[in-house]
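Database features (TrEMBL):
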- E213: active site, proton donor (ACT_SITE)
- E289: active site, nucleophile (ACT_SITE)
- 66-377: domain 'Glycoside hydrolase 35 catalytic' (DOMAIN)
- 437-536: domain 'Beta-galactosidase 1-like first all-beta' (DOMAIN)
- 560-619: domain 'Beta-galactosidase galactose-binding' (DOMAIN)
Amino acid sequence: MLAAVPVPPSRAMSKWSVGRKPSRTLGLLLLVILSYLVLRRLDWYNLVPAWLRHRQSGLQANGQHFMLEDSTFWIFGGSVHYFRVPKEYWKDRLLKMKACGLNTLTTYVPWNLHEPERGKFDFSGNLDLEAFVLMAEEIGLWVILRPGPYICSEIDLGGLPSWLLQDSGMRLRTTYKGFTEAVDLYFDHLMSRVVPLQYKHGGPIIAVQVENEYGSYNRDPAYMPYIKKALEDRGIVELLLTSDNKDGLQKGVMDGVLATINLQSQHELQLLTNFLLSVQRVQPKMVMEYWTGWFDSWGGPHNILDSSEVLKTVSAILDAGSSINLYMFHGGTNFGFINGAMHFHDYKSDVTSYDYDAVLTEAGDYTAKYFKLRSFFGSISGIPLPPQPDLLPKIAYEPLSLNFYLSLWDALQYMEEPVNSEKPVNMENLPINNGNGQSFGYTLYETTIASSGVLSGLVRDRGQVFVNTVSIGFLDYEKKKIVIPLIQGYTRLRILVENRGRVNYGDNIDDQRKGLIGNIYLNDSPLKKFRIYSLDMKKSFFQRFSVDKWSPIPAVPTFPAFFLGVLSISLSPFDTFMKLEGWEKGVVFINGQNLGRYWNIGPQETLYLPGAWLDQGINQQVQDPS
């Protein structure tokens, strides 16, 4: 038996460093000699796994061509965003990409969805980036990753988390300390997942993009070098790229990174490739985003691009000696509240559908573009293309009947305690969600008034004004004042504010706080003492409304309200679309999944409902008209 005798730290150190030093030195010398003898005898070639022996160089920019190891490589890419497609359908969309003759998948990585609260990361379910990348590899596709941190992508705040805006001095997309500290922590986590998926580590990622279209923003010359170093310091070893449109290409080029271009017309192709030649000399050319269509905004037209025009431009791009990525190959859906917005002259929020008039429809169906491009890529591939996967079946279900109802005013008693504040607080700075504020949804502001007059203030983005429970109109970007009618005594003033989507592109992304911005005034006097309710509409939101809280729908419902109905499916469920005839504006939830917003101003008229989110039997629908 051995017994341990405690020794004071100073004595123990002295005893080890003096009494054991000669033997430790001798041991180290023997270890060095033994290691040298072993290294001379080892066959290091056979120690490297066979599948890594030919992965030494990766994708290279060699003269006017890309090279993958020793072979000339043409990138025929297509964009699919995993976060816009139900995970159950990823394989279907990627098989259709492979069957179209493409060899590379490109995808963005949305920081705001992966880190909804500081230090709290989510890569599960529909956000399982690694599973998506590995599925592409299984199908035989290479991957170009576009990890941001800013991604544009017509997503809320360009993929940046809204909690960054809690800092009143925040300067997004710069080397401002508050921003870079957050990026560093995010990249620490993200790159630990990405690094093993790189080509040189045996994975499918052959290139990584540095930020996104920074030339058109260009606020800080130190920013792009910082992002490049942040990637490299965390183990990114594959080819680095930038990506810029005509507005930013001149300022987006940086040393040690291959510049690529984003465009839609053949005219732009000639201008931009000439510019690249002048600044990069002889380097491989790539159109990182050839826009196969365009996104839609509420109240605007539905954008389409003729399939013959697409084929002509794709052919011209390849004839110019350029690789290509089709943005989008498949757009998918802005499920929930993730859509972005544009605000140059007027504020315009993006619709729920991200169909984009892409090569595959929102539901993954083939289009005329698909068939023409498949024929084109098939003619130059030199090998037969895989067969086209069958379409996923669709079905028209019987009209769904809404039977139960809960007015917003009755629902307030079941919600979490409101925030009490002397002044209005914008969404992002509400002391909720572990100090991270509110990212999406609606916020209700309540206070008491004792007189009529003119109500004024900044509301972002759309505020419905109520006197008690009676709606008297809206405040928004255009309408900044509203008349409060004559009242007697003390009356409850309520403003229900909708975040319609933060701007994802442009110079004003630092100013995307939502809710009531600053004071709200009645007859030029600031109102005080607010009760503020966060209506974020997360899955947990509706769990507060148990069955006994709902009532049959009255003859004259009080709006806004929640409506509950059931969709009964006897056989295996299939994809379908919901048409909201007679409804003006709101959100639809099926089995806890937020399908997104609807609005009768168009152009979107239906909401895509994936069959993968339906159950055989009873399906619960909650509808929130607002």
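Using the three backbone atoms N, Cα and C, a Cβ is placed for every residue, glycine included.
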* Structure fact -> One should report the C-alpha separation between the residue listed as 'active site, nucleophile' and E213 (active site, proton donor), rounded to whole angstrom, as 11
* Asked: What residues, ordered by sequence, lie under 8 A Cβ-to-Cβ from E213 (active site, proton donor) and sit at least six positions away in the same chain?
  -> C152, S243, D244, N245, G248, G252, N262, Y505
* Asked: Among all the protein chains here, how many other CB atoms are within 10 A of the CB of the residue listed as 'active site, nucleophile'?
  -> 26
* Under DSSP, the domain 'Beta-galactosidase galactose-binding' (560-619) has how many residues in helix, strand and coil? -> 3 helix, 34 strand, 23 coil
* What counts of helix, strand and coil residues does DSSP assign across the domain 'Beta-galactosidase 1-like first all-beta' (437-536)? -> 3 helix, 57 strand, 40 coil
